[in-house]
Amino acid sequence: MKILVTGFDPFGGEAINPALEAIKKLPATIHGAEIKCIEVPTVFQKSADVLQQHIESFQPDAVLCIGQAGGRTGLTPERVAINQDDARIPDNEGNQPIDTPIRVDGKAAYFSTLPIKAMVAAIHQAGLPASVSNTAGTFVCNHLMYQALYLVDKYCPNAKAGFMHIPFMMEQVVDKPNTAAMNLDDITRGIEAAIFAIVDFKDRSDLKRVGGATH
């Protein structure tokens with residue numbers, strides 16, 4: 001099994017991005033699966049262009065995109081990506097699309113095809129906080145998740161794809177009182193646990209367990 005893992009460069013005034021730092025620490029093989037990690041720019045269309053190049057060349061069985069969600073307390077596999085860019089801040093090249101479809105020929109939304117509840121369970125087993133998230137936002141993270149599912153559907157129809165948000169690193173919150181953060185090694189362990197579940201559930205349906213929210 002081959003798994004493509006992506007991590008964004010820093011954005012929004014941050015000097016580092018835990019997504020990129022964490023995937024740099026991943027081993028080349030996890031649970032027998034070959035792991036390929038790539039950096040993607042925090043730029044709307046350009047991130048998808050980079051992803052497409054690697055999907056076409058690597059032909060992965062699964063794509064896991066990782067992104068920073070400052071303020072979240074745990075690792076959060078995303079359930080759904082919507083076909084809408086609505087940028088609160090500009091991306092790293094100054095683009096700020098407002099109420100713009102990501103793909104005019106795409107679906108209104110794509111659900112993750114990764115075993116998100118099994119991923120949460122595996123992260124819990126590693127002793128780390130995790131939960132299913134029902135919104136990936138409307139910035140580049142949602143954009144890339146949507147594009148990943150669109151591109152996999154087009155170029156690797158038998159592959160799975162999805163996204164997981166991670167918290168700030170400890171170094172990012174020294175001047176942000178009362179802001180949640182996690183040690184980089186723990187973030188990396190959480191991603192490894194999630195990948196273990198992706199491999200383990202390659203030919204199985206996801207766990208059927210409570211993971212919803214009331215609001």
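From the backbone N, Cα and C atoms, a Cβ is placed for every residue, glycine too.
Remember, it's a predicted structure, so these values are computed and weren't measured experimentally.
Per Swiss-Prot, the features are:
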ACT_SITE  E78  active site
ACT_SITE  C141  active site
ACT_SITE  H165  active site
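A separation of roughly 8 Å, to the nearest angstrom, links the Cα atoms of C141 (active site) and H165 (active site). Residue density at H165 (active site): 23 other Cβ atoms are found within 10 A of its Cβ, drawing on all protein chains shown.
Reduced to three states, the DSSP call for C141 (active site) is helix.
Taking a C-beta cut-off of under 8 angstroms and a sequence separation of 6 or more, E78 (active site) has the following same-chain neighbours: S112, I116, V132, S133, N134, T135, A136, M145, G162, F163, M164, H165. Secondary structure from DSSP puts H165 (active site) in a beta strand.
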